[in-house]
There are 2 protein chains.
Amino acid sequence: MENKRPLILISNDDGYQSKGLSCLVEMIREFGRIIVCAPDSARSGFSCAFSATSPLRIELKSRQNNVEIWACNGTPVDCVKIALDQICKGEKPDMVIGGINHGDNASVNTHYSGTMGVVREGCMKYIPSVAFSLCDHSPDADFSKMAPFVKYITKRVLGEKLPKGICLNVNFPVTKHYKGIKACRMAKGTWGNEVVKCRHPHGYDYYWMTGEYTNDEPSAEDTDSWTISHGYVAVTPTRIDITDYQMIEHLKSWEQP
Amino acid sequence: MENKRPLILISNDDGYQSKGLSCLVEMIREFGRIIVCAPDSARSGFSCAFSATSPLRIELKSRQNNVEIWACNGTPVDCVKIALDQICKGEKPDMVIGGINHGDNASVNTHYSGTMGVVREGCMKYIPSVAFSLCDHSPDADFSKMAPFVKYITKRVLGEKLPKGICLNVNFPVTKHYKGIKACRMAKGTWGNEVVKCRHPHGYDYYWMTGEYTNDEPSAEDTDSWTISHGYVAVTPTRIDITDYQMIEHLKSWEQP
């Protein structure tokens with residue numbers, strides 16, 4: 001038992017059949033046993049949502065060479081919860097990995113991202129957890145150049161662990177050659193023009209969510225957005241405790257109405 | 001135009017017909033014009049999820065005495081986005097309020113909460129944003145004792161605003177008499193036993209998400225969980241920038257593989 005190889009739990013928000021997930025499995029299978037439990041279809045933008053009111057199902061899709069792949073009809077967070085409870089059967093994974101996401105999860109996208117939902121869920125269970133994302137939304141994006149960095153970061157996290165309550169959000173640009181890794185912070189940014197109004201053939205209005213992202217501090221070199229736009233791999237340490245400690249001091253003046 | 005009374009946008013995750021929302025509207029309508037845009041049915045546990053792939057609709061349910069109520073078939077975050085874009089018609093609200101939620105949103109529930117999704121969305125749009133939640137899940141919970149505190153906090157936020165990138169998560173206990181307000185931090189806590197397996201009459205397994213919450217630091221008096229369990233109103237300042245700045249320094253050692 002003590003010689004068991006590390007157990008790595010993988011999920012994503014693009015679905016169990018996505019290329020990014022398959023590429024991730026191939027990159028890291030050398031490090032241990034792998035359980036994939038991922039949505040049965042795409043669940044982008046699901047954040048930390050879980051299914052409070054709808055029943056869930058899971059289905060084993062394949063099992064070979066220390067890689068098990070399960071599909072679940074729930075959210076990315078559901079996938080992690082149900083995998084930990086039902087598939088890992090009491091064994092706590094050594095690591096949770098989200099991705100590889102088709103599309104970046106930098107800046108405020110951290111909050112919307114289902115891939116980061118996976119990783120925040122792992123982190124809330126005190127498991128070292130890392131999200132990998134590539135700035136390319138296409139279903140057949142080329143993830144191959146990421147391999148040495150994905151392996152390096154996975155190996156370091158398996159070896160060193162991560163502090164409790166901190167997970168990593170790793171974003172890769174699309175570039176011919178990665179200049180290296182940079183530790184960085186979330187950029188401040190805003191989404192605008194997010195709603196497109198359309199007319200249904202039956203005569204009523206409906207709306208699509210879309211949007212344009214604006215980096216509100218484009219010249220800040222310590223941000224994830226700057227880092228990926230300059231050819232580096234951006235590693236952003238992300239907290240579960242999202243209290244603003246400085247503001248607590250100010251709010252003490254509110255305690256006596 | 002300059003004499004216009006404040007515009008307050010309200011949403012929630014319990015749905016536009018919930019009692020908590022109606023009570024909130026009654027408590028704060030004295031402060032200005034109110035637009036409600038809330039889900040057409042309950043969307044608990046939706047976090048910051050938005051509808052990336054399904055079309056949205058909105059419907060005006062009532063309009064009277066400076067209160068407009070709209071229902072939307074999307075998530076709590078969708079409600080805020082579509083209200084800002086389509087209903088507020090270019091006028092930026094002076095405040096976004098989420099709630100009053102039926103059930104607490106303290107500790108790690110912050111991450112899963114649709115009410116906090118509303119408020120984080122408002123905050124990401126640089127609008128002063130506050131969530132109110134009562135530790136009582138029942139549909140007919142008694143919100144009346146909250147009124148002086150809800151009015152006080154709303155008035156302060158309308159007057160002072162909030163720093164950009166910080167929103168407030170306000171949780172109320174169920175108690176005969178509130179001892180006062182306390183500014184506090186998110187408690188560390190964990191959910192366990194989250195999955196219940198059931199058998200469908202047709203012979204397959206399915207699962208419900210549920211769970212038991214454990215406060216991992218029950219004696220820490222500066223936490224939201226301690227504060228509400230001791231009869232105070234807990235005000236937790238919450239950040240959009242969830243970077244762990246201390247960890248960035250450590251990760252710099254990873255930059256040279």
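Using the three backbone atoms N, Cα and C, a Cβ is placed for every residue, glycine included.
For reference, TrEMBL has these:
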| type | residues | note |
| --- | --- | --- |
| BINDING | B:Asp13, B:Asp14, B:Ser44, B:Asn101 | divalent metal cation binding site |
| DOMAIN | B:8-192 | domain 'Survival protein SurE-like phosphatase/nucleotidase' |
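Each of the binding-site residues B:Asp13, B:Asp14, B:Ser44, B:Asn101 was checked for a CB under 8 angstroms from a CB of chain A; the ones meeting this are B:Ser44. Fewest Cβ neighbours within 10 Å among the binding-site residues B:Asp13, B:Asp14: that distinction goes to B:Asp14. In this view, B:Ser44 (divalent metal cation binding site) is surrounded by 22 other Cβ atoms within 10 Å of its Cβ, with every protein chain counted. Neighbouring residues of the recorded divalent metal cation site, listed in sequence order and excluding B:Asp13, B:Asp14, B:Ser44, B:Asn101, comprise B:Asn12, B:Gly15, B:Ser18, B:Gly20, B:Ala42, B:Arg43, B:Pro76, B:Gly99, B:His102, B:Gly103, B:Ser113, B:Gly114, B:Thr115 (Cβ within 8 Å of the Cβ centroid). Within 10 Å of the C-beta atom of B:Asn101 (divalent metal cation binding site) sit 32 other C-beta atoms, taking all shown protein chains into account. When averaged over the domain 'Survival protein SurE-like phosphatase/nucleotidase' (B:8-192), pLDDT in the model lands at 97. Mapped onto three states, the DSSP output places B:Asn101 (divalent metal cation binding site) in strand.
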